[in-house]
Amino acid sequence: MSCSLQLCLSLSRYCKTIGGLNQIYARSLKAGIDQNPLLVGQLLLLSAVTIPDTIDYARSLFAEIDSPDVFMYNTLIRGLSESGYPHEALLTYTQMRHQSFIPDSFSFAFLFKAAANVKSLGVGTQLHCQALLFGLDDHLFVRTTLISSYAEAEDLRSAQKAFHETEEPNVVTWNAMVTAYFRCSDLEGAHQMFSKMPVRDLTSWNIMLAGYTKAGEFEVARRIFNEMPDKDSVSWSTMIVGFAQNGCLDEAFEFFRESLREGMGSNEVSLTGILSVFAQVGAFISGQVLHGHVVKVGFNNVISVTNALLDVYAKCGDTEMARKVFDHMVEKKSVISWSVMMAALAMQGLADEVLKLFGEMEKNGIRPDGVTFVSLLYACSHAGLIEGGCEYFHKMQETYEIEPSIEHYGCMVDLYGRAGLLSKAYEFVSEMPIQPNEIIWRTLLGACSMHGELKLAEEARKKLSELDPENSSDYILLSNIYAVAGKWKDVAMVRRSMISRNINKTPGWSTIEVDKVVYKFVAGERESEVANEAHHKLADIMSALRTAGYVPEVRSVLHDIEEEEKENSVSQHSEKLAAAFGLAKMCQGNVIRIVKNLRVCRDCHTVMKLISKVYDREILLRDRRRVFCKGGCNYEVDTWEDCEYNEMCHKDSVLKDHQWSAYIDHAPGGMLPCLHSRIWLQVWNSYQDKGSS
DNA sequence: CTAGGGTTAG
């Protein structure tokens with residue numbers, strides 16, 4: 001008897017899969033030791049915590065236990081909380097109390113974590129009272145999780161109180177408190193706490209880095225990074241991801257290369273961060289190269305890395321390759337994988353496929369989240385599927401109990417507005433259960449601009465001037481509407497108020513990758529050789545296009561200026577420069593991929609289409625919402641319906657000097673040890689093989 | 001009758 005118990009126990013120590021778990025359980029049933037508390041406790045720990053995605057197994061295993069003890073309750077609570085069921089974890093605690101079990105310090109360590117993930121307020125306080133009741137609140141582990149839980153609820157005062165009542169806080173408690181200040185956006189408090197710390201460890205420093213990068217205080221973060229006595233891979237990836245998530249793409253890339261130079265090597269987090277940079281700038285070839293690297297070092301079975309790779313292909317407009325990565329994912333696909341894939345299809349305007357994929361996702365038993373529904377609603381609004389969109393909007397609330405966020409309401413406003421149902425859109429806005437923010441009004445304003453609806457536009461604009469008076473795009477949208485209607489006096493008025501309030505436009509930029517180097521063309525500068533080259537090539541192209549019969553589309557140019565100057569202003573949009581540069585530098589047959597940070601204007605669409613035709617090139621242009629293809633196999637795809645909403649298609653007269661420039665990132669030579677297309681080829685072949693079999 | 005589990009950073 002005890003012999004088989006010992007065997008089962010040692011087996012459980014090495015068990016890593018659900019199959020092994022089943023074997024041990026079967027063995028224990030056979031030996032009649034399936035109710036042994038030690039063994040069943042270990043099996044529960046395996047299914048609830050150690051082996052991923054086996055929480056259902058843990059639940060049913062728990063149901064089979066005749067007399068669970070506190071350890072088992074704690075384990076189930078922990079498992080539920082870590083598997084995304086914090087509410088059920090809390091319910092398990094009440095169940096446990098119902099059976100008159102006395103919780104221990106472990107219970108509260110897990111419960112406070114669950115409380116941090118639960119939306120409803122005051123759960124932390126209730127649990128705190130419970131901990132006090134059982135005399136466990138002065139336990140250091142409990143204190144630390146308590147502070148984190150209050151931090152998550154952004155209850156800084158309670159967190160502070162809990163900290164001050166701690167008699168001998170250790171480094172971890174101090175760290176948790178510093179994190180709490182950051183979480184509550186109190187940078188000053190975090191800094192004070194940090195400087196008062198009697199002992200600091202590497203984690204303390206890393207918390208500082210994370211806090212400041214998340215707050216957008218890059219210079220402070222950089223200074224701390226340089227002052228740190230020691231750095232580890234977390235320090236480096238914090239910087240890389242921090243920059244990448246805040247649009248500081250050059251810095252992220254710089255830190256990534258520096259980390260390799262310092263011999264840090266890449267890890268799953270830094271790779272995820274840098275892949276997101278590639279996705280954002282549309283660095284297709286670099287992405288492929290990194291894909292090769294990922295496969296080589298074996299990170300392709302790490303879900304976050306694969307999702308990031310998927311996103312690179314999605315954002316570079318290569319739906320086919322995205323699909324291949326998606327279909328061949330080694331690990332189980334997460335909600336994120338499905339959502340990214342759906343977003344990829346939605347960006348291409350493939351609404352039917354988005355809806356189909358959503359059906360598949362449901363069939364696979366994957367629970368969609370809020371992001372999934374954004375893609376779904378986006379697809380519906382762009383395909384004009386009003387009824388479908390409404391159905392999904394209800395389904396998300398009724399079937400999946402997802403509270404619509406402001407983005408979802410935005411999608412709905414867009415759904416009605418884009419279809420021209422402006423009064424319906426307005427009605428929807430007025431009846432929204434949450435306060436419409438500037439994005440909602442801006443969506444409405446965009447829809448008005450699309451349909452030339454002046455009256456409603458003015459109202460939306462009025463709301464916007466209260467909510468977000470500094471935002472330039474609203475002024476631009478409104479003045480576009482006036483410009484299209486030929487109301488130049490009103491255009492001038494908008495213009496003047498912009499200047500008097502000292503509002504500048506978000507500078508537009510476009511990136512293009514040539515030979516694994518990403519070139520960035522920015523409005524308002526023209527200092528480098530590259531910019532000059534692009535400029536000259538563009539002039540050639542424009543005259544060639546004119547000969548081919550091109551007439552500039554200047555209808556929506558911002559202000560009432562001479563025709564010639566209007567032409568001049570649209571002819572210098574950064575995407576055109578990027579295209580010209582690509583045309584000059586890239587071999588025939590390579591796809592010219594351009595990424596634009598804002599929206600693309602009508603004239604740029606026409607020009608891209610013509611360049612593609614005249615020079616026989618495939619051009620793929622992505623802006624912040626959509627992928628446009630011209631030429632190649634996609635030549636027939638016409639995506640005109642999408643070129644409204646352009647916040648930036650007009651050259652800003654505030655930036656009077658006609659200076660344009662290119663920003664060049666240094667060649668990433670030696671960036672990775674395996675920058676050879678050979679490896680990429682292997683990756684590609686492996687996909688081909690799997691695909692055909 | 002005992003054994004087994006935890007806190008902060010990317």
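Indices start at 1 and increase along the chain as displayed.
From the backbone N, Cα and C atoms, a Cβ is placed for every residue, glycine too.
All TrEMBL annotations are machine predictions without curation.
Sequence annotations record features per position, and here TrEMBL assigns repeat 'PPR' to A:69-103 (among others). Same-chain residues lying 6 or more positions outside the repeat 'PPR' (A:69-103) and placing a CB less than 8 Å from one of its CB atoms are 37, 40-41, 44-45, 47-49, 53, 55, 58-59, 62, 110-111, 113-118, 123, 130, 134, 136.
Annotation source TrEMBL lists repeat 'PPR' at A:170-200 (among others). Looking at the repeat 'PPR' (A:170-200) alone, the prediction's average pLDDT is 97.
Among the features that TrEMBL reports, repeat 'PPR' is placed at A:201-235 (among others). Assigned with DSSP, the residues of the repeat 'PPR' (A:201-235) fall into helix, strand and coil as follows: 26 helix, 0 strand, 9 coil.
Long-range contacts of the repeat 'PPR' (A:334-368) within the same chain: residues 303-304, 306-307, 310-311, 313-315, 317, 319, 322-323, 326, 374-376, 378-380, 382-383, 385, 388, 396, 400, 402, 622, 625-627, 629, 637, 639, 642, each at least 6 residues beyond the stretch ends and with a Cβ under 8 Å from a Cβ of the stretch. Residues or ranges marked as repeat 'PPR' by TrEMBL: A:334-368 (among others).
Per TrEMBL, the feature domain 'DYW' maps to A:549-633.
Using a Cβ-Cβ cut-off under 8 Å and counting only residues 6 or more beyond its ends in the same chain, the repeat 'PPR' (A:201-235) has close neighbours at 171-172, 174-175, 178-179, 181-182, 185, 187, 190, 194, 241-243, 246, 248, 251, 259, 264-265, 267, 269-270. Taken through DSSP, the repeat 'PPR' (A:334-368) splits into 26 helix, 0 strand, 9 coil. Broken down with DSSP, the repeat 'PPR' (A:69-103) shows 26 helix, 0 strand, 9 coil.
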